[in-house]
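Engineer: From TrEMBL, here are the annotated features:
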type     : residues                                                              : note
ACT_SITE : Tyr160                                                                : active site, proton acceptor
BINDING  : Asn91, Tyr160, Lys164, Pro190, Gly191, Ile192, Val193, Gly194, Thr195 : NAD(+) binding site
Amino acid sequence: MTEEKRVAVVTGGDRGIGRGITNQLLKDGYYVVIANRNEEAGKKAVEELNAQGYEGKVVSVSGDASKKESHERFVKTAVDNFGRLDTYVNNAGIAQIKLLKDETEADMDEIFHVNVYSVLFGMQAAAAQFRKQDDGDKIRKIINASSIAGHIAFDMLGAYSASKFAIRGLTQAAAKELGREHITVNAYCPGIVGTDMWDYIDEKMVEAWGGNKGDYLKKYSGSITLGRVETPADVANYVSWLASTKSDYMTGQAVQIDGGIQFI
C-alpha cells in the first residue's frame with residue numbers, strides 16, 4: 001500500500017517554534033514548505049534539513065506574511081513542488097513590548113498586520129486550495145499560532161495580547177464557516193518558550209523596569225508548574241497531533257501548551 005502524501009506550509013518555519021514544527025512534521029512524514037521573510041535563512045534551513053536526510057521533502061519560499069499575495073505564493077509553492085496541500089500552519093508572528101500609554105497607531109498597525117492579518121490571509125489561501133482538491137470527506141487542517149497571552153493578557157504585552165485574542169476569535173469563526181467543507185481550524189497557545197522572542201521580551205522589560213538580563217524570564221518562568229522553560233519541540237509535539245488524523249474531530253479550539261501556567 002502506497003503511503004499517502006501529506007503536504008504542509010509552515011510560516012516562519014525557519015527558526016524558533018516554527019523550526020521545531022518544521023522538524024516534527026518532517027519526522028511525521030510530511031512534505032514541508034518553509035515560508036519566511038528572509039530568503040537566505042529559508043535556504044539555509046533547507047540545506048540543514050537536506051543534510052539530515054530530508055532532501056526532496058522540504059523547500060523554502062520567501063515573502064511577507066502580512067501580505068495576502070505572499071500566502072497565495074506559499075500555497076502555489078506547495079502545489080508546484082508537491083502536488084497538493086493538507087495542512088497550513090500560520091506560525092509567523094512578532095512581539096511588541098510597550099506600556100499601553102506608549103503604543104502608537106503605527107505600532108498597532110504593525111502587530112495586527114503581522115500577527116492577525118497574516119492568519120486571515122493564510123486561512124483564505126489554504127481554504128481556496130482545499131476547495132480545488134478532490135479530497136472527498138478527508139479532513140484538511142488549518143493551525144494558527146495564538147498564545148497564553150491570548151487567554152489572559154500580560155502587562156507590557158498589551159498589543160501583542162490583543163492580537164493573540166484576535167487570533168482565537170478568527171480561529172473559532174473560521175472553524176464554524178469551514179467545518180462543512182471538511183476543514184478543521186485550531187490554534188496552539190505556547191507559554192514561555194526559550195527562543196529569541198523571549199530574550200527580546202526580557203530585554204525590553206529590563207529597559208522599562210530595571211534589573212538584569214534574565215530577571216524577567218526567570219520571574220515568569222517561575223510560574224511554570226512543570227518547572228522548566230518550554231522548548232520549540234514541546235509546541236511542535238502538539239502541532240504534530242493537530243496535523244494528524246487523530247485530531248480530525250476537533251475544531252475551533254485554542255489549547256495552552258505552557259507547562260501549567262494557566263488553568264482555564
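Glycine residues also receive a Cβ, built from the backbone N, Cα and C atoms like all the rest.
TrEMBL: automatically predicted annotations, no manual curation.
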Engineer: Asn91, Thr195: which of these binding-site residues has the sparsest Cβ neighbourhood within 10 Å?
Structural biologist: Thr195
Engineer: What is the interatomic distance between the Cα atoms of Tyr160 (active site, proton acceptor) and Thr195 (NAD(+) binding site), given in whole Å?
Structural biologist: 16
Engineer: Restricting to the same chain and to sequence separations of six or more, state which residues have a Cβ under 8 Å from that of Val193 (NAD(+) binding site).
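Structural biologist: Once residues fewer than 6 apart are set aside, Val193 (NAD(+) binding site) is near Gly16, Ile17, Val229, Glu230, Thr231, Pro232, Asp234, Val235.
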Engineer: Measure the Cβ-based neighbour count of Lys164 (NAD(+) binding site), defined as the other Cβ atoms within 10 Å of its Cβ.
Structural biologist: 27
Engineer: List every residue in the same chain as Gly191 (NAD(+) binding site), at least 6 positions away in sequence, whose Cβ is under 8 Å from its Cβ.
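Structural biologist: Sequence-distant Cβ neighbours: Ile148, Ile224, Glu230, Gln256, Ile257, Asp258, Gly259, Ile261, Gln262.
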Engineer: Considering all pairs of residues in Asn91, Tyr160, Lys164, Pro190, Gly191, Ile192, Val193, Gly194, Thr195, annotated in the record as contacting NAD(+), what is the maximal C-alpha distance expressed in whole angstrom?
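Structural biologist: Largest Cα to Cα distance for the NAD(+)-binding set is 19 Å.
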Engineer: Can you see whether DSSP assigns Gly191 (NAD(+) binding site) to helix, strand or coil?
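Structural biologist: Coil, per DSSP.
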